[in-house]
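Here's what Swiss-Prot has on this protein:
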ZN_FING   25-48  zinc finger
REGION    139-200  region 'Disordered'
MOD_RES   Ser231  phosphoserine
COILED    243-263  coiled coil
MOD_RES   Ser271  phosphoserine
MOD_RES   Ser275  phosphoserine
REGION    291-349  region 'Disordered'
COMPBIAS  291-305  compositional bias 'Basic and acidic residues'
REGION    362-422  region 'Disordered'
MOD_RES   Ser371  phosphoserine
COMPBIAS  379-390  compositional bias 'Basic and acidic residues'
MOD_RES   Ser429  phosphoserine
MOD_RES   Ser452  phosphoserine
MOD_RES   Ser454  phosphoserine
MOD_RES   Ser456  phosphoserine
MOD_RES   Ser458  phosphoserine
MOD_RES   Ser459  phosphoserine
Amino acid sequence: MGDPSKQDILTIFKRLRSVPTNKVCFDCGAKNPSWASITYGVFLCIDCSGSHRSLGVHLSFIRSTELDSNWSWFQLRCMQVGGNANASSFFHQHGCDTNDTNAKYNSRAAQLYRERIKALASQATRKHGTDLWLDSCVVPPSSPPPKEEDFFASHASPEVSSTGWASAQPEPSLTPRNVDAPAASSEGVPEQGPSVEGLNVPTKAAVGEVSSIIKKKPNQAKRGLGAKKGSLGAQKLSNTCFNEIEKQAQAVDKMNAQEDLLSRAAPKEESIVSSLRLAYKDLEIQMKKDEKMNMSGKKKAESERLGMGFGNSRSGISHSVTSDMQTIEQETPITAKPRKKYGDDSDDSYFTSSSRFFDEPMELRSSSFSSWDDSSDSYWKKETIKDTDPIPKNTGYTDRPTTRRKPDSEPAENTDEAQKKFGNVKAISSDMYFGRQAKADYEARARLERLSASSSISSADLFDEQRKQTAGSYNLTSVLPTAPDMAQFKQGVRSVAGKLSVFANGVMTSIQDRYGS
């Protein structure tokens with residue numbers, strides 16, 4: 001017997017899961033279980049299937065009804081002869097109503113049900129073989145099962161269903177009334193009561209009422225689902241209505257979007273207008289200031305570049321040098337000495353580079369600095385000479401004096417001579433190769449001969465090192481050989497102060513020469 005195909009497995013489980021009792025989990029009652037316990041033939045959810053796996057395969061064997069495709073015919077027969085309804089009734093009959101998984105499936109009732117499912121599945125496998133359906137199972141209908149009624153499909157053709165329902169509904173109501181009327185008339189004729197006309201009046205009214213009800217029901221049926229279900233009457237809307245409503249909604253959305261854009265653009269325009277007004281006011285104020293100052297040419301450009309209180313300031317409050325500047329006329333003006341080098345330069349030479357001012361000699365400077373010519377100039381010349389001496393140089397090997405430098409030994413002139421000299425030696429050093437070893441040995445022998453008469457020697461004496469000074473002999477010059485004294489420090493401070501004052505005087509003089517005249 002071969003294994004069932006994938007299509008057979010899907011067909012069988014589709015039918016088994018259509019049973020209402022199999023649509024919920026056997027243990028917890030969760031909807032749409034997709035796992036199954038073959039041992040008991042019940043359907044489980046994924047959480048309960050994990051609990052069954054922890055019990056072991058000897059108590060419960062778990063398979064997926066959707067993912068697993070290696071089902072056997074015996075396992076399918078277990079699911080067909082079992083089911084949630086059969087298992088629930090069997091456990092209830094044997095008094096096993098607990099919800100504890102371990103206690104429930106380790107009980108005597110679970111053991112009996114396992115044996116029963118196994119026996120029934122073996123019998124069904126031998127009897128039916130590879131047939132999809134058993135005699136005990138409900139044979140699937142030849143026609144497809146009725147589908148659930150679609151809401152929109154019922155709207156598409158409401159007249160047919162409603163008219164059929166309406167035509168079938170009033171027939172039972174007509175039959176008893178028609179039967180009662182002849183009975184009443186037949187009973188009235190032989191008896192011949194005292195007043196037959198009075199009896200005919202209510203019957204006509206009743207017939208009229210029946211006819212009115214019959215006429216109203218088809219009209220109510222045309223209203224769609226409202227008449228069919230007996231609830232509020234819902235009217236069918238055509239496709240054109242939906243299109244019109246959608247167009248109206250789109251038009252409303254467009255209008256709202258335009259209103260939002262207009263509302264957003266209005267404050268922006270107001271801010272732009274206000275900023276333009278402020279800009280025009282600033283320009284007017286600036287023009288008035290320019291007219292008052294009567295500045296033109298290089299002076300105006302220079303003042304704007306320096307930012308001397310003009311309209312370029314960020315805040316509303318600013319200090320203006322040019323606005324407070326006044327022209328002072330001297331009674332006996334002194335003509336300034338011509339400056340050839342500084343006159344040729346651009347007007348902003350003092351602000352672009354300051355090193356050129358200090359590089360010039362003292363004789364070329366203004367007469368206002370004559371007090372510095374005698375003292376500072378001579379001192380600077382001496383200071384430059386002094387400063388060059390204490391600056392230590394990073395002397396290399398070639399800058400050392402010749403007395404301390406060891407002459408480089410000449411390399412061997414001929415390689416054959418080196419081979420003859422060191423041919424039998426196993427290892428040689430660079431000193432031996434270049435002839436330095438003999439000189440070192442000579443110096444060592446000389447030191448040993450000099451110290452041979454002494455009773456004790458030290459490593460400093462042996463290697464000709466200078467003795468270290470005692471603790472009491474340390475002084476400032478030995479610890480800091482290049483430390484400056486107070487006189488040099490004072491002279492340095494004076495020189496720096498003199499340079500700063502000269503620079504400040506030069507700046508002020510240049511400003512007065514350019515903007516004061």
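From the backbone N, Cα and C atoms, a Cβ is placed for every residue, glycine too.
Remember, it's a predicted structure, so these values are computed and weren't measured experimentally.
Where Swiss-Prot records a feature, it is marked here on the structure.
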residue	record	contacts (Cβ under 8 Å, 6+ apart)
Ser271	phosphoserine	none
Ser275	phosphoserine	none
Ser452	phosphoserine	none
Ser454	phosphoserine	Asp461
Ser456	phosphoserine	none
Ser458	phosphoserine	none
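Residue counts for the zinc finger (25-48) under DSSP, helix first, then strand, then coil, are 3 helix, 7 strand, 14 coil. Ser459 (phosphoserine) sits 25 Å from Ser429 (phosphoserine), taking the CA atoms of both as reference points. The local packing around Ser459 (phosphoserine), expressed as other Cβ atoms within 10 Å of its Cβ over all shown chains, amounts to 7.
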